Amino acid sequence: MSAVPMKAFLAGLFLLANAWHITAINEQHQKHHLQCWHCSSDTIGAEDFCDVTFQEDNIPTDLIKERNINLLRSCNGTINSDHERAVCRKTVEENNGKLITKRFCYYTNKSDPVELCNITSPEKNVRRIFCEDCLTDRCNGALAGASILEMLLLLPIAGLIQQFAI
């Protein structure tokens, strides 16, 4: 085999290997479904763990198993779109004078900013107090702004470490 056909053969083999690798990575990525908490503080028994502050330790695991309730949902399972994406959503709303916290899967346009849920209007006679979309597993159980608070608490410690290092 001469040098030119050998180079063409190797280049073709390289392209096929890359195409297979990209396909395998895409299939792996598509198999991962976003995991979101799914609960409402308005549900009897859920107020102990699904309130404004999510208390995973307060989830009544025996009751959940007995009634076959799944509080963690796979969100991407029903979506196959180039234009939509699954997000985990947490809302706090006032409905007829009662404060209700909900956590669930939601689908938005990929082009929409994550902050859009603060702008959209809820149902009639409902006043939205808080809304947050997030894109990582179980993120709708976290406190709003927890990462910012952690950063604010860590900054003075980082400053002290840097001061002693000099």
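Note that Cβ sites are derived from N, Cα and C of the backbone, with glycine treated the same way.
In Swiss-Prot this protein carries:
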{"type": "SIGNAL", "residues": "1-24", "note": "signal peptide"}
{"type": "TOPO_DOM", "residues": "25-140", "note": "topological domain 'Extracellular'"}
{"type": "DISULFID", "residues": "C36-C88", "note": "disulfide bond"}
{"type": "DISULFID", "residues": "C39-C50", "note": "disulfide bond"}
{"type": "DISULFID", "residues": "C75-C105", "note": "disulfide bond"}
{"type": "DISULFID", "residues": "C117-C131", "note": "disulfide bond"}
{"type": "DISULFID", "residues": "C134-C139", "note": "disulfide bond"}
{"type": "LIPID", "residues": "N140", "note": "GPI-anchor amidated asparagine"}
{"type": "TRANSMEM", "residues": "141-161", "note": "transmembrane segment"}
Secondary structure content of the topological domain 'Extracellular' (25-140), with strand meaning DSSP E or B:
29 helix, 43 strand, 44 coil
Quick one: of C36, C39, C50, C88, which disulfide-bonded residues lie within 10 angstroms of C139 (disulfide bond), measuring between C-alpha atoms? Sequence order, please.
C36, C88
Residue among disulfide-bonded residues C39, C88, C117, C131, C134 with Cα closest to the Cα of C75 (disulfide bond):
C88
Report the same-chain neighbours of C134 (disulfide bond): residues 6+ apart in sequence with Cβ closer than 8 Å to its Cβ, ordered by sequence.
V87, C88, R89, K90, V114, N140, A142
Hey, how far is C39 (disulfide bond) from C105 (disulfide bond), Cα to Cα, in Å?
10
Round to the nearest Å and give the CA-to-CA distance linking C117 (disulfide bond) with C36 (disulfide bond).
16
Looking at Cβ-Cβ distances, which residues of the chain lie under 8 angstroms from C131 (disulfide bond) while being 6 or more apart from it?
R89, K90, T91, V92, C117, N118, T120
Taking every protein chain shown into account, which of the disulfide-bonded residues C50, C75, C105 has the largest tally of Cβ atoms within 10 Å of its Cβ?
C50
Sorry to bug you, but what's the C-alpha spacing from C105 (disulfide bond) to C36 (disulfide bond), rounded to the closest Å?
6
If one measures from the C-alpha of C105 (disulfide bond) to the C-alpha of C50 (disulfide bond), what distance in angstrom results, rounded to a whole number?
15
Taking the Cβ of C36 (disulfide bond) as the centre, count every other Cβ atom within 10 Å, in any protein chain shown.
26
Those disulfide-bonded residues listed as C39, C117, and which of them has the most Cβ atoms within 10 Å of its own Cβ:
C39
Integer mean pLDDT for the topological domain 'Extracellular' (25-140):
87
For the disulfide-bonded residues listed here (C88, C139), which one has the lowest count of neighbouring CB atoms within 10 Å of its own CB?
C139
